[in-house]
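What TrEMBL records for this protein:
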ACT_SITE  D67  active site, proton acceptor
BINDING   D67, G68, R72, N141, E142, R152, D171, A206, Q241  NAD(+) binding site
Amino acid sequence: MSAAPPISVAGVLYNPYRPAARALAERLHAWLQARGVRAWLGSSYEVTDIRTCSREPCTLLITLGGDGTILRAARAALPDAPPILAVNFGRLGFLAEVSPDEVEPALERVLAGDFWIEERPLLDVAVYDDGNLVEQAVAVNEVVLARGDGPRALRIDVWVDDAHLTRYTADGVVVASPTGSTAYVLAAGGPIVAPTADVLIVQPIAAHLTHVRSLVVPGSARVALSTVTHHHETVAVIDGQLSLAWTPAHRLVVTQSRHTLRFVRLGASNYYYATLETRLDRRNE
């Protein structure tokens, strides 16, 4: 938990495929300006770096959409990482704080300083080819190394802090942040981890004959993956949204990022445990 900064510049990012989200975004843009907050408006599919939207640093980022909108916005907000007030227009809403009909009272509280900031770890993901950096990105939830459309399982070697952990024969391997524990990791049978925990999660997908089903390692750990199966039906994907370059010669390295994901929170500090079962129930709706 960290201190709440004063709000002077606010960005509003909306899912353009949800007309109600766009309409609310336009209303909030005017609402903020009427209260003396300098505000800008943008589509979460078009804005990839919020620094291009304003000459002044953003002190609040409002997202209108589902969890996918939040993931895009969180990456676009780096490296400044202003606190995010997430308004849920999606189905699951694992990350969102408020519903559309609650947003204006919520913003009144935010402008009055009546909120706290929750900081969650992010992941730095890098792809190397013979020691040379090929590509790098930041993940909010996870990076997945998995087979593509082909029927064959992959053989994936996993190292933790340069020690060889295991070789999975599996459909893939997920390396996740604590936030990602309720995303792909949960679907693959992995553990739920408190979102602010200082850990990484290694989770195989449909692994065959392995003793290491899931592994939670310290946030200081360095996790590396490489494929032993030399065919081209392998994909590396961040947050289900960004594809990374991949060949059999590549090595994927995941560490905890120096950047964090910062959420505006209005409820009690134990909100995660108080609402976890309800949020999990939504997965079955």
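The backbone N, Cα and C atoms fix where each Cβ goes, and this holds for glycine too.
Shown on the structure are the features that TrEMBL records.
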{"residue": "D67", "record": "active site, proton acceptor", "Cβ within 10 Å": "24"}
{"residue": "R72", "record": "NAD(+) binding site", "Cβ within 10 Å": "24"}
{"residue": "E142", "record": "NAD(+) binding site", "Cβ within 10 Å": "26"}
{"residue": "D171", "record": "NAD(+) binding site", "Cβ within 10 Å": "18"}
{"residue": "Q241", "record": "NAD(+) binding site", "Cβ within 10 Å": "13"}
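On the backbone, the CA of D67 (active site, proton acceptor) and the CA of D171 (NAD(+) binding site) stand 25 Å apart. A strand conformation is recorded for E142 (NAD(+) binding site) in the three-state DSSP classification.
Comment: NAD(+) site residues D67, G68, R72, N141, E142, R152, D171, A206, Q241; largest CA to CA distance 31 Å, whole number.
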